[in-house]
Amino acid sequence: MTIELLKSIVESETSIPPSSQRLVYNQQLLGDDSKTLEQVGIGEGDMLGVHVTLRGGAPSVQGQARPTGIGGTSGASHSQQIQQRRQQQINPDPEMIRLHILGDPRVRDAVRQRNPELADVAHDPHRFREVLLTQQRLESQREAEKEARIAMLNADPFNPENQKEIEEIIRQNAVTENLHNAMEHHPESFGRVTMLYIPVEVNGHKLNAFVDSGAQVTIMSPDCATACNIMRLVDSRYGGIAKGVGTANILGRVHSAQIKIGDMFLPCSFTVMEGKHIDLLLGLDMLRRHQACIDLRRGALVIQDQAVPFLGEADIPKHLLEEFEDEPVIKGADGAEVGARTGAVTHQAGGSTPAPGPSSAANATASSSRPAAVHRPSPRWPEASIAKITELGFTREEATRALEAANGDLDGAIGFLI
């Protein structure tokens, strides 16, 4: 952090412009705004003095320095500091948030990923303030609607319809907790897995084959069959319509052709089918016939004790990857997007934080005569992380919810709140 950035933070706290600030450390004036705090020897918890020079010949602060801690709040009295902090908890200062985004690349990347609209206006203070306040207002409206709904449920908890809604809240909390556990213990399940390809040769023509043990037969596209010079061997009597996720036209079958896998030359039959962007798909008929083993630990297809390594992601041709990158997606109610073919999560749900349960249903019941209780998980994140977020002006509940949504990642939680 530079002296110039520190003056901007002091300005956001005190409304004193940087041109009127004179920072003093160990009775020495910090006049070079381009230097960093480390270069001038300022460390965590050190005390600085701020001399304020007023324009228009007004008397300046006579020899009295206004003490301020790095990242802290300056003020004349303890009561004013407490009041100012309470006000910041209610309305976080947009300029302080903006400077924090610009000063930390990790936070900036997290905000760009979670809130691109806000990240795009981070360099414009006025536009940033407008966008942030608009988003906060919409969030407050949603919270107010949620609280109003919860209050209505609390008014008549024995109503059967209210019980159904309470049950749904409990279910949503369980789903959210399951999501958090999955993100914490095996986050790789939310990523996209590279498909299995191996280099092969068919009738002397080199190509990359997609290994798919879920396909019943080995499939080849008409263009690939033409390039391999085996289109003339297609038996149209085996034509038809293939039905699955969609429909495709089967032109026929090549009963036998030579395929080279590794150093082995093997006989193989191909079903020529339209509608496939993949040139060659090795199905279960081919794999079972030659007793192939998909060894994921070795990252290879093993046939007759010979291992043929799968292609790495960088070795797979781009047009083959685009086949799965451009796949149709299924959208959920909260904005989650899941690939229709691969099942990969391409966009996580927006409402990942658990919905707060009604206050009257917060405790577990011991008898069946009482209405169902809504369990709200207790905070399980370090107090240091919560304290760093509350220093930015957010409440403790907001900090806890953000850490839950970000799976404990401090930078991600700050980006989620911003």
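Each residue, glycine too, has its Cβ placed from N, Cα and C.
Among the features that Swiss-Prot reports, region 'Disordered' is placed at 58-89, 346-382. Residues or ranges marked as compositional bias 'Low complexity' by Swiss-Prot: 80-89, 349-372. The active site feature in Swiss-Prot is assigned to Asp212; the stated evidence is a curator's inference. If you look up Swiss-Prot, you'll see 380-418 marked as domain 'UBA'.
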Helix, strand and coil residue totals from DSSP for the domain 'UBA' (380-418) stand at 26 helix, 0 strand, 13 coil
For the domain 'UBA' (380-418), report the average pLDDT of the model, please.
75
Once DSSP output is merged into helix, strand and coil, the residue listed as 'active site' belongs to coil
